[in-house]
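These notes concern the structure reproduced below.
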Amino acid sequence: MTNLLPLIRNECTKIIKKKRFYVILLILLVLVPMFTYAQMRIAERSRDKFNSDWRLEIQQRITDNQNSLSSDRIPEEWKSYRRIFIQQLQYYLDHDVNPNEPSGVTFTREFLDNSVSLFIPLLIMAVASDLVSGERTTGTIKMLLTRPVRRWKVLFSKMAALLMFVSLIVLSVFVISYLISGLAFGYKGFNIPVFTGFQLSGDTVDMSGVHSVPQWKYLLMQGGLIWFVSVVVALLAFMVSVLVRSTAASIVVMMAALIAGTILTNMAAAWSTAKYLFMVNLGLTGYLAGTPAPIEGMTLPFSLAVLSVWGLAAIIISFAVFTKRDILN
Amino acid sequence: MAKERGAEPSDIVLSVKGVRKKISRKWIIDDVTFDVKEGEIFGFLGPNGAGKTTTIRMLVDLIRPTEGTITVCGYNVNRNPEKALQYVGSIVENPEVYTYLTGWENLQHFARMQPGVDEQRIAEVVDIVRLDQRIHDKVSTYSLGMRQRLGIAQALLGRPRLLILDEPTNGLDPKGIKELREFIRKLAEGGLAVFVSSHLLSEIQLLCDRVAIISKGRVLAVGGVDELVARNSPYVLWDLAPVPAARSILEEHAGIRLLGLDEVTLDDSVIAGMGGGSVITAMDEALIPETVAAMVAAGVAVNAVHKINPTLEQLFLKLTEGESID
């Protein structure tokens, strides 16, 4: 009749002592300054070019994109993507709001948009992929499962610890990217307005639902979506680590799935059933920003539903397999 | 839960009844039955691949038997692991602990997984296995012997009534093996039932009260070590000259049977020490003096007479029909 709390404590101790979480923090501390520097160079260049007038810059980007529309060499899909982009830029210009106002908060927002479908899932995998398979690789699973504790409790405690660390990782990404980019761009910018609610149909944008939210609120919404994506990825990685005996195999399986996702989002527009795969649905924050979904028919509720089903299936499979399986070696 | 208890006499700690296990359409374990009583050291013998480890894994609910029941202190291990495993401490194969934690943290970890184990008990078991000097060091710095002791400490944490050790002498030096043997005996004297698997038969013979011999997934014999050994008659090894005359005397004598090398199971060291004058017989040891007298009377030189007591190994080889034990 062992309580669950001591078990969860055990699992947290193991994750911390294995130094996985420190490695994740270290990766962030190395990579975020790199991205910040790159962003700084971009900002510098456009300042030189447009004399610090962001309206000129936006106008230039609109013209560039419009010119490219007349080219025959550009595929039709890209053209519709650009038409949408032009309409959104025009909207910002009409309402006199700079979409790229340089600040630590803006950097964080953009960095998170770009990292939600690959970078953050990779960080999550660093913890999730060896939670069960790691115990099997080292053989400690035998010690773990010969104690007077039901197997589902052991697995539940691992899952609970994982969800705690997933939340911690998402939070760390936010905090670290804000703190580091703030050094370069300043820590202000929480109240800059951001437009959200673009309704896309074909290559026209329905502006009727567009409204502005302060950037801090936008960040919170983004955070919620990223947390949800991270939890689903964590559950899937966890399931793989239950199913596969070695940690290496477990990481490779998840990596392959994630990378397949990024490849598919770039080419699967024609294959519409691909929208039921979890990996093309990871870009939830794109719905907030109004970037077109990779496949026709994908909306925020649709993606949330698809991810929920995958996450739920992962939980069911993990428990069903873990509680029944013979530990042969 | 209450009705599951009391099915057996209370001194039987572990009861295995008709256990069979099928893995991918092959019967890996085919009918294993035995009991282990309180305070006894029970040996589990068998060649590699006989099903020793699979059986042990079934005892601690790592593998579910296809048929049959395993009960510990009256609780079914597979149906009621939370109760049954409370009474079991085990090391399955190697003592695998978390190398990135210290010995103490490892014990804390396992202490949290069972009721009624506090810091004081942890200190107690550390003391029992004499690991107090290094307990706060990372396990990755431990020697194999120390890991073994940490494993035993872990197994003793919950004050078990049954201790299961799978090949405990693996990787230990002769001194370590001797220490372990004394340690296990001491535990058994305190009323603990100890279940030891091994392929080192001499170890088992010295250590155990009772043994089960398993081969190809079947238990071939269960019984007291002395009782099982007594099934084999002793050999008498002679060193005589000249051999032909001696052989005819031995052949004439009633109650003496001459044996060829291929008919006997002897230690390699004994076989290596045999010279040209060696003759092996199966006979009652009471016949030795009169046989010697007859030899001397016939002018045969008796250089050596050596009685070889039957061993578990002989029985084992006989039962498993020369199957390899390695």
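Every residue gets a Cβ built from N, Cα and C, even glycine.
Away from its own ends, the transmembrane segment (A:21-40) comes close to residues 15, 102, 107, 110-111, 123, 126-127, 165, 168-169, 172-173, 176-177, 180-181, 183-185 of its chain (Cβ-Cβ under 8 Å, at least six residues beyond either end). The transmembrane segment annotation in TrEMBL covers A:21-40 (among others).
According to TrEMBL, the feature transmembrane segment maps to A:116-134 (among others). Listed as Cβ neighbours of the transmembrane segment (A:116-134) (distance under 8 Å, sequence separation of 6 or more from its ends, same chain) are residues 11, 15, 18, 20-21, 23-24, 27-28, 141, 155, 158, 161-162, 165-166, 169-170, 173, 225-226, 229-230, 233-234, 237-238, 240-242, 244-247, 249-251, 254-255, 258-259, 261-262, 265, 279, 282-285, 322.
The transmembrane segment annotation in TrEMBL covers A:155-180 (among others). Outside the transmembrane segment (A:155-180) by six or more residues, the chain places 4, 7-8, 10-12, 15, 21, 24-25, 28-29, 32-33, 35-36, 104-105, 107-108, 111-112, 115, 120, 123-124, 127-128, 131-132, 187, 219, 223, 226-227, 230-231, 234-235, 238, 242, 315, 318-319, 322-323 with a CB less than 8 A from a CB of the stretch.
Long-range Cβ contacts of the transmembrane segment (A:225-244) within its own chain (Cβ-Cβ under 8 Å, at least 6 residues beyond either end) map to 112, 116-117, 120-121, 124-125, 127-134, 155, 158-159, 162-163, 166-167, 169-170, 173, 250, 253-254, 257-258, 278, 282, 284-285, 287-288, 304, 307-308, 310-311, 314-315, 317-318, 321-322. Feature annotation from TrEMBL assigns transmembrane segment to A:225-244 (among others).
The transmembrane segment annotation in TrEMBL covers A:251-278 (among others).
Residues or ranges marked as transmembrane segment in TrEMBL: A:298-322 (among others).
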